[in-house]
């Protein structure tokens, strides 16, 4: 039941009518048409009235409103039925089909396009490129087929002159992966002749109006439509179709689908050749047939890539083989014209079939493996010509109306007859509803040996000249007593029928008078073999492939081909069988008037269509019947999770009992009936509620399964990780053990080696032991060092420690650290170094020891110092374990300044061989000096000074910062300055000079 619409628009579902009667049905249909509501439901059938105007109800917003919704949730629409078919296909993996029926001009083709548009819009949410390509090609194929298969008729500006059934293939996710198109009975006679007020196929007009000047010149065409005999009837007609614009649309669509440029060019050449064929005129000179305008033959030969003489011969002669003899039989003027027209019709029909085949080659599913990709399901869309009643109804209308009888029979079988039969078979209480079964009309046309088609085939196979009048006579004799057949001979008082020309069939849609003129010829569908050989021998490979039977030898005897009517009958039977195997959804199209007006609702015209479409009977069956039925097993399989009594498995005696328990649990027992093998649900709402409950439970089931599966995965991962960690642990243990064993092997006996293993190369450790290797090497180096110093006297150990400290601080930063000599330390007390003054210095040192109570002398030396006033003087420094003294040697080593060592923050030295050193203090009163020695001259003592001070600070667990830079940064009473070192060749001894940034220490060059 449809919802979401106000009652001012009438009943959205005819099932909701207060009384089921034709007046109420028509009143509701008219009201909805006048209010712009062109769609109405009959349960799951959509009734569509052609609005004859554009409506803004097919956009993206509307698509989103219907996507995934149930039928009753939204107002009636084509999108609702399309979504229902799509959901049924996706949910139940069931092939579905949408059958669009109605008479010519009722809007079937437009409906099929909107359905395709909707399916394309709601699929492929992941935007897979291949799926998008397939969707695009399926949509584009519509406009190509319309161009070559549709035409303007008196009833419809875009009338389908062929039948089309398209299968859209979907993968297991519901995305389109391909398709296949079947075409039925192209009205090829329209190529050569049209009724007044009608046109030939759109393709001819599009080429002439839309082709460029250059293209038309290459095809020897001109834009004037009246210049071509085959289309001049419709040349003067005013049409709402923009042929020039459509030409570009079709050309672009062919390119998108995958037609190669040479294939598209061949299509245009064939169209041009047909137009030129129509302009050929024949005459007879004596007994010789001639072509009046021979130049046109050359143009046709050029366009068909054949030789001019071969084209001319095929048009004027017919090759006849009698035994081994081959005879060229001349045509009469009439026979030549007939052959020309048959040739034009055949070329166009082959072209159309080739276009369909080419599209199928491109869009068909390839390399689809159900074991890998899952089940391949199908939605079929049938857009076939509607019921036709013209002023002059010929063979084509006979076939078209037979097709509609077959489709009506299918509707009756599936919707009316089978439905009622199933209720009786399942034991469901049911009141029979009468309906007209058109099986008798179908049998009248197609019955073996007795039907009209069988009689027509017999007439075509008779030896000798058989006329259409003879065929009508056969119909009269064999079908004279049939209640749905009549002719003037059978009903002499019926003056509507013409003697020896007309017969009438009482179709389900109304009485139709057919003219037998042309029935025999059109059924034989004769085309001389000469034309087939002509095109098979074309140098154009596309044309050649269209005519494979042309390769047969002239003398080869072939089986009589099936007639056009029999071929069509067989294709209709196959189509109906195909549709019957799928779950059908119906769109019943109604034409509101014959004037193509958006304002007129012709009650009589519409009532007639409602009657013959059986819509009122459809409403009665729907109101009395059930919306859904399913076997107990399948129903249980789908919905068992919504009841605790059936999930995960039931323990009841049968599936039927389990289904009853499930329905009672949900509270739907008043809306169902239980058959012998199936459950029947009356209203769609109950089914949709079941679907909602199922969807809710599926979320919980999925979450439960996810939880269990994630737990399983976590346990599996834990076990794998634990096993991996065990392997890693054992492997690391193995690598560590191997490494330790290798170290032990290599360093075995190092105690007895002269260098205590210095030359032994360490093995490469595993990554995990790299830091351990560093620690191990440190331990080894300490051990080796301990072995080396064992032989040294205890008095030398402080000097060794100082040298080590100097190396740690200065190695790689200064060249000469004085490591090779013995470090004297207290050079001021050394007689070799200061023989004249050592005697003076020693008493001063002793007095300072008594006064300041220092324990050890760390370093003493003569220096040259510079102060903040840029005054350079010779001084001496005396460093003990407590103080740093600056002394004046000229005044018997008088102490000029005392700096406690705890006030010392660091040392700065240069990176050269000079003896510059800056003592940094906490009060920013740095001491800048240059060490110098007297014996030997220029001895480097920087390394010694740094080593003893660093070693002393380390022993007191303090850190002394040592900087190696050039220039050296310092601070004199808070003023920042720099001391840079320069080497000068003529400099006799180190000396300080002032510059802008501080001082320069000039030292002698080498």
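Any Cβ shown, glycine's included, is placed from N, Cα and C.
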Of the residue ranges 572-594, 595-617, 618-640, 641-663, the one that Swiss-Prot records as region 'Actin-binding': 572-594
Per-state residue totals over the domain 'IQ 2' (721-741) - DSSP helix, strand, coil: 21 helix, 0 strand, 0 coil
Beyond the flanks of the region 'Actin-binding' (572-594) by 6 or more, those residues with Cβ under 8 Å of it: 29, 33, 42, 44-50, 52, 78, 81, 84-85, 88, 94-108, 111, 115, 155, 165, 182, 184, 378, 380, 382, 386, 402-403, 406-407, 409-411, 413-415, 446, 600-602, 605-606, 609-610, 613, 615
Beyond the flanks of the domain 'IQ 2' (721-741) by 6 or more, those residues with Cβ under 8 Å of it: 763, 765-766, 768-769
Distance [Cα-Cα, Å, rounded] between residue 109 (ATP binding site) and residue 200 (phosphoserine): 18
Average pLDDT across the domain 'TH1' (812-1005), rounded to a whole number: 89
Summary of DSSP states over the domain 'IQ 1' (699-719), given as helix, strand and coil counts: 21 helix, 0 strand, 0 coil
Distance [Cα-Cα, Å, rounded] between residue 536 (phosphotyrosine) and residue 104 (ATP binding site): 37
Proximal but sequence-remote residues of the same chain as residue 106 (ATP binding site) (Cβ under 8 Å, at least 6 apart): 48, 50, 386, 589, 590, 591, 609
Counts of helix, strand and coil residues, the region 'Actin-binding' (572-594), according to DSSP: 9 helix, 8 strand, 6 coil
